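Here is what Swiss-Prot records for this protein:
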BINDING   G127, A128, S129, G130, S131, G132, K133, S134  ATP binding site
DOMAIN    82-334  domain 'ABC transporter'
DOMAIN    434-644  domain 'ABC transmembrane type-2'
TRANSMEM  453-473  transmembrane segment
TRANSMEM  488-508  transmembrane segment
TRANSMEM  529-549  transmembrane segment
TRANSMEM  563-585  transmembrane segment
TRANSMEM  594-614  transmembrane segment
TRANSMEM  713-733  transmembrane segment
Amino acid sequence: MARIVAANDDDSMELNTISSIHDSTLGQLLKNVSDVRKMAIGDETPVHESLNQDYNDGYMRTVPFVLSFDNLTYNVSVRPKLDFRNLFPRRRTEDPEIAQTARPKTKTLLNNISGETRDGEIMAVLGASGSGKSTLIDALANRIAKGSLKGTVKLNGETLQSRMLKVISAYVMQDDLLFPMLTVEETLMFAAEFRLPRSLPKSKKKLRVQALIDQLGIRNAAKTIIGDEGHRGISGGERRRVSIGIDIIHDPILLFLDEPTSGLDSTSAFMVVKVLKRIAQSGSIVIMSIHQPSHRVLGLLDRLIFLSRGHTVYSGSPASLPRFFTEFGSPIPENENRTEFALDLIRELEGSAGGTRGLIEFNKKWQEMKKQSNRQPPLTPPSSPYPNLTLKEAIAASISRGKLVSGGESVAHGGATTNTTTLAVPAFANPMWIEIKTLSKRSMLNSRRQPELFGIRIASVVITGFILATVFWRLDNSPKGVQERLGFFAFAMSTMFYTCADALPVFLQERYIFMRETAYNAYRRSSYVLSHAIVSFPSLIFLSVAFAATTYWAVGLDGGLTGLLFYCLIILASFWSGSSFVTFLSGVVPSVMLGYTIVVAILAYFLLFSGFFINRNRIPDYWIWFHYMSLVKYPYEAVLQNEFSDATKCFVRGVQIFDNTPLGELPEVMKLKLLGTVSKSLGVTISSTTCLTTGSDILRQQGVVQLSKWNCLFITVAFGFFFRILFYFTLLLGSKNKRR
């Protein structure tokens, strides 16, 4: 797909756009956007007033927040490598060396990390790969399971609860996980629908998105699709800013970012950090990991923490770096990038015999000296119009001043002399039906712009139906016709499930988007499951009708219109249960390749135990449970009953009894003589027109006697709901997005 806005590649134009708004806070930017729109369309209601934001001469006086963390320690168990010697228990116990190497080892990823930062600041965590940067960000963002992380994380001196943190914070992952066929504006609008409350009118949500687009400096790319390998879209720097915009749409108090400048050139990286600086100035605490900032990026940072193999080797402002390393004995040259010099020195020390132990100890002494000399006192909120507020009251006051649009509802209390607020913190910004509606709309919009995906599915169903129709063309009611009908039904019903395997990559492609959005309560997991089912169902109806119309009359199936209706219903139920089963597996398997392997294997077992290859009465007792778990069994038995339920219809008459046997090759005269001999032996008159096998007899021969066709239909549908419920629990248990 051609790029919609050709000017998006002009980074200098974007940089000028950013420079033009310079250090405007979000509140100022909203006001500017409102004024422009008011002049253009005569709107008399400023955006900042519409969002209930209180400004004084364009500047929002934010409520102060201080985030502190003390003695954060995180250890993980490292399993020993598989060794041939470890496979023998006797040798492992006899050889102390082998026994020692076989025991799991503990690796320390964070070792007593402490620090603090406040609103209006950007704190950057630096270090080489494996130093613990991302681990520290995860620890502060509550992405490490309780019990695994030691230490405390506090906001304004109060321990942060998990539910509260989800509401007031946002986390931007290192990878840009976006829907490729949505435009930038649509992507941010859907984020606004999720994170902003229903009480905010849609018109004001749109203005919020437009203001954010201007703040991010991506106005020229607003109508451009995100793009992927097959569709040209926005640039890497723009994708990164869109990813940030998704998570700051509700103006969070805490913003965590994992290497937001990774993979970007110096200009794009500077523009991204420039955006983060304005976010911080709007009253947020911004904490990010960064690999190697340029000189310009360093000028935007307020606090630095250097890590080396889980230890703090420096904590302080960028301005204090030269003095720190001078006192350590390694002065930074004048024209040298401070952070590059520090990182290079740390790498050299890590490769030396003593490691960074000396630098770690020096940092501890240096921090103590600064505290004793009172040069760096602990951060405390400055004087503000909100003294002595609890954390919830401070958050409520911050909401009333314009922060955290979806974070809660501040409720004023008090009389003439008091102006305190309390906070009602909702777990989610919107009710479930709004979430389902928004999720469904987004999924359908993304799918509608990729019609080739549905086209491939319906083409495969129609082609398969056409092949079956030509192979099993107009089957008669002879014994051969009965046998061919059984083969057609077995293959047709299994085809429904194999076709559903195409749905496997859908959730696997969306998995990390889902994990990012649900990690901070953008929507409920149950809403996603219901939306997923709602969006997929219409396509299943089209597939069912297409297959039924292609095969029903061509094969010569019986039952008339009522038989056709049931045939369509059981095919639809098969598609439903098959897609639900594949959807459940997509929540379990880690990759598409493994998923396809498992789906093909399990569906083969379902077909084996369906009753076509081996009668139910012949299945061993230790495998009979698989017969009842087979998804192919119930649709197969249902279509058999739909075809052979007429007890008056005959399928074997007179000499046809010899068909499908060696005697079937005899001349008709010989068959009649044999039939007469059999009649005399049995004492029953059997003529050439005597009906010997009806549809009911065929059902009994196939062992289809336990359930009616409607019961089989209901069980097939129930299997679909069962696997959707299992899918929900896999999301609930498997998408905690936390380290163990």
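In case you wondered, yes, glycine gets a Cβ from its N, Cα and C as well.
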Among S129, S131, S134, the one of these binding-site residues whose Cβ has the fewest neighbouring Cβ atoms within 10 Å: S129
Non-site residues, in chain order, whose CB comes within 8 A of the mean position of the CB atoms of G127, A128, S129, G130, S131, G132, K133, S134 at ATP: T135, S289, L307
Folded-back contacts onto the transmembrane segment (488-508), same chain, C-beta under 8 angstroms, at least six residues removed: 456-457, 460-461, 464, 468, 472, 475, 514, 532, 536, 543, 547, 551, 555, 571, 574-575, 577-579, 581-583, 585-587, 589, 591-592, 595-596, 599-600, 603, 606-607, 610, 612, 631-632, 635-636, 639-640, 643
Same chain, 6+ residues apart, C-beta under 8 Å of the C-beta of A128 (ATP binding site), given in sequence order: S308, L343, I346, R347, E350
Across the domain 'ABC transporter' (82-334), average pLDDT on the 0 to 100 scale: 87
Cβ-based isolation winner (fewest other Cβ atoms within 10 Å) among the binding-site residues G130, G132: G130
Neighbouring C-beta atoms (10 Å sphere around the C-beta of K133 (ATP binding site)): 23
Intrachain C-beta neighbours of G127 (ATP binding site), sequence separation six or more, cut-off 8 angstroms: K133, F306, L307, S308, L343, I346
